[in-house]
Amino acid sequence: MILLHPGRLQRVRSPCRMRSQSAASVASVTVQERLNQLVGLFKGRTERHKDRLADPDESEEESPTACGSPRSRSPHPGNLDPLSLPLDPIGLPKENRIQLVSWILWDPSGISVGSPTPAKAPPAPPPPPPGEEKKDEPEPPQEAGLFQFELLGHPVQLPKLPPMPDWLRSVLEYRFPSSIDPFTDLIYVIWLFFVVAAWNWNVWLIPVRWAFPYQTPDNIHLWLLADYACDFIYIADILVFQPRLQFVRGGDIVCDKKDMREHYMTTERFKMDVLSLFPMEILYYFTGVNSLLRFPRLLKYVVFFEFNDRMEAVMKKAYIYRVIRTSTYLLYSLHINACLFYWGSDYEGLGSTKWVYDGKGNA
């Protein structure tokens, strides 16, 4: 029944319509309950079929028997066939029930009616039949720590090597890079440390061996061994590391081997590196082993300043390194002064005048 009101349209529901809606809600509740019951029956039937497919013998043994009939079943609602039920209270005909069954079996996951019974795991396959036992003779037991093999039909035993340490394996598996970033590569900074150590050997000890009588015929072989070890470091730096240093050209980082090698050979550093290895030791044949003939080794000073720049870039407290470097400069000045004073005293005669060294002390 519809009542019109000025400016508003109202719908008034009659009591008969309210009763019809209440009856419809009751019917919908009944339909929902019946659907839930059907879904439960379909679930139970599906699980039973799964059990039969997984283990037909076991499912037959587990099926209950009554009055000596092997096929009789318990009248439990889960054992009923949903398709054999009479017409339900909802009033669905058998054709619609078949469509409902097919829909639920096709996608039963959309309806939640309790937790489904988990399917039984398939039985483990039977063990394979035992094969023929091998009649081979038992091998002789190997002694621990021995590596055994046959050589020309004769057994040979060698002691096994101890396991390789991790650090040694890392060193052996290391592959030298084709290009090196001189600003961020830590390996290059470590290498510069060894080159600077070789340069400092020459800077500090060439004046000592020239002025003081520390180099004698008894230990001359030790001095020469240290000198040639430093020369080997110089050569490795020229041939291995410097031609692999990356450089910037036109705003781009160049990593090509040929370009890096040609760029290094055009720099002033390459010229100083080559001059620092000038073999003036040939004159040892005429003058004897004189440390002043190794003076060209001091021309590799560029590596010292490069190492200082890299250390200041790497260290968090670079001012500590600057203080140590400045103190080293002062000590080296005193070192050169002491060498010159002893050389002049030895030239004039030790203790000959009050202005020269008298020869007393640990010099």
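Including glycine, each Cβ sits where the backbone N, Cα and C put it.
Straight from TrEMBL, the features:
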type     : residues : note
COMPBIAS : 46-55    : compositional bias 'Basic and acidic residues'
COMPBIAS : 119-130  : compositional bias 'Pro residues'
DOMAIN   : 190-347  : domain 'Ion transport'
REGION   : 46-87    : region 'Disordered'
REGION   : 114-141  : region 'Disordered'
TRANSMEM : 183-201  : transmembrane segment
TRANSMEM : 221-241  : transmembrane segment
TRANSMEM : 319-343  : transmembrane segment
For the compositional bias 'Basic and acidic residues' (46-55), jot down how many residues DSSP puts in helix, in strand and in coil. 9 helix, 0 strand, 1 coil
Looking only at the domain 'Ion transport' (190-347), what is the mean pLDDT? 93
